[in-house]
């Protein structure tokens with residue numbers, strides 16, 4: 001197989017987005033558009049990926065990192081000019097180069113693979129990905145000869161009235177023989193209505209040289225959607241959400257209301273899990289088998305075990321075990337690890353805490369910067385007092401300990417194995433194992449106190 005290369009065009013400013021955020025960094029289902037494009041392209045076993053950057057270059061580099069090399073297009077002088085900036089990386093290489101727009105987040109590796117196969121089968125020097133649009137206004141048109149071969153591609157602004165009637169459009173995705181591309185691109189001129197160097201002109205030059213030019217028509221116009229404004233962004237979001245949700249349902253996940261369920265492209269969900277409306281799964285969220293998630297639950301970059309129930313709660317950058325019950329209205333903050341068969345109840349906040357198997361915090365508690373052992377019971381209103389205004393300190397609660405209601409554990413402090421803390425205590429010193437800690441004022445009852453104050 002020939003070497004494969006890809007060039008992502010991501011240098012446009014995107015003024016129609018009316019945003020301070022660089023266009024290709026606008027997220028679709030929680031993931032920047034350009035990263036959708038890069039991840040799909042990388043599935044094609046590329047020898048090299050080059051992203052053309054301009055406005056917001058550093059932000060794009062930060063987002064894609066080591067996935068790509070980068071070439072700067074300092075002035076936006078057209079698509080051919082943009083591709084030309086990749087010449088230092090690709091000039092002289094033998095193989096096939098795919099050119100993709102960074103604002104086409106719905107384009108799949110499967111479609112690009114089909115285009116590459118068409119390119120190879122036809123022995124073409126260039127192949128364009130086309131689609132049929134009900135309303136082709138604004139798109140370049142594919143002009144074919146009588147025998148059906150691609151004759152040229154005409155930009156909308158340069159098209160004649162007759163050419164504008166054509167509904168087969170240029171999607172802006174191409175593949176080229178790499179050596180032919182960088183030879184011919186030097187011949188492209190800017191003699192057109194926009195005064196720009198158009199990449200489709202490479203097709204016409206190759207055609208004039210007698211080279212074979214092919215076209216692969218995808219049957220899915222939605223997949224080729226280019227995002228240029230917030231309306232198109234919302235359409236891309238809708239189409240991507242439908243695609244993601246359909247894939248999970250086909251893999252054995254029940255979505256009670258797919259229209260109101262939001263799942264990241266990179267999320268993984270096990271079979272027989274049920275997702276209720278209002279659930280948002282972000283980033284690298286991973287859900288096990290037979291879970292119940294939602295309604296109104298947000299899980300981000302977290303791993304959830306099997307048979308776990310999470311209702312009306314938030315889990316962020318944490319790990320949750322099997323057979324756990326969380327919520328309603330619980331918050332698992334970053335760097336927490338929740339064991340198996342745990343209960344985290346209503347209005348409980350866990351932060352940077354190791355929470356052992358079968359332990360419980362059922363109501364109205366804050367457990368932060370703590371190590372909680374197995375079989376621990378934290379009563380209603382249990383608080384780890386972890387911050388002195390300058391520094392956070394660790395609280396250790398060992399296996400089998402029992403913390404009574406409305407107790408404050410002032411860190412750094414350790415409650416030993418099997419120890420009890422009496423309700424209402426403020427514990428400032430370590431509690432030995434099997435001991436009872438009582439740290440509260442002794443109750444005093446003053447007889448007839450109320451009667452006497454009313455006499456005054």
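Using N, Cα and C of the backbone, Cβ positions are placed for all residues, glycine too.
The region 'Pyrophosphorylase' annotation in Swiss-Prot covers 1-230.
Marked as UDP-N-acetyl-alpha-D-glucosamine binding site by Swiss-Prot: 9-12, 23, 73, 78-79, 140, 155, 170, 228, 333, 351, 366, 377. Taken residue by residue with DSSP, residue 23 (UDP-N-acetyl-alpha-D-glucosamine binding site) is part of a helix.
Taking Cβ-Cβ distances under 8 Å and a sequence separation of 6 or more, the neighbours of residue 228 (Mg(2+) binding site) in its chain are 14, 16, 17, 23, 103. The annotation Mg(2+) binding site is assigned in Swiss-Prot to 103, 228.
Here the region 'Linker' (231-251) has Cβ contacts under 8 Å with residues 17, 26, 28-29, 33, 36, 105-106, 222, 225, 258, 261-265, 267, 269, 271 of the same chain, all six or more residues outside its ends. The region 'Linker' feature in Swiss-Prot is assigned to 231-251; the stated evidence is sequence analysis.
The region 'N-acetyltransferase' annotation in Swiss-Prot covers 252-456.
The active site, proton acceptor annotation in Swiss-Prot covers 363 and rests on sequence analysis. Over all protein chains present, the Cβ of residue 363 (active site, proton acceptor) has 15 other Cβ atoms lying within 10 Å.
Note on residue 387 (acetyl-CoA binding site): other Cβ atoms within 10 Å of its Cβ, all shown chains, come to 12. The feature acetyl-CoA binding site is assigned by Swiss-Prot to 386, 387, 423, 440.
Under a cutoff of 8 A between CB atoms, and with a sequence separation of 6+ in the same chain, the neighbours of residue 140 (UDP-N-acetyl-alpha-D-glucosamine binding site) are 153, 154, 155, 156, 159, 169, 170, 172, 200. Across the region 'Linker' (231-251), the DSSP tally of helix, strand and coil residues reads 20 helix, 0 strand, 1 coil. Annotation for the binding-site residues 366, 386: lowest Cβ count within 10 Å of the residue's own Cβ, 366. Across the structure, residue 386 (acetyl-CoA binding site) and residue 78 (UDP-N-acetyl-alpha-D-glucosamine binding site) place their CA atoms 57 angstrom apart. For the acetyl-CoA site, whose binding residues are given in the record as 386, 387, 423, 440, the maximum C-alpha distance rounds to 22 Å. DSSP classifies residue 363 (active site, proton acceptor) as strand under the three-state reduction.
Around residue 440 (acetyl-CoA binding site), taking its Cβ as the centre, 15 other Cβ atoms fall within 10 Å, counting all chains.
Considering other CB atoms within 10 Å as the measure, the emptiest surroundings among the binding-site residues 9, 11, 423 are those of 423.
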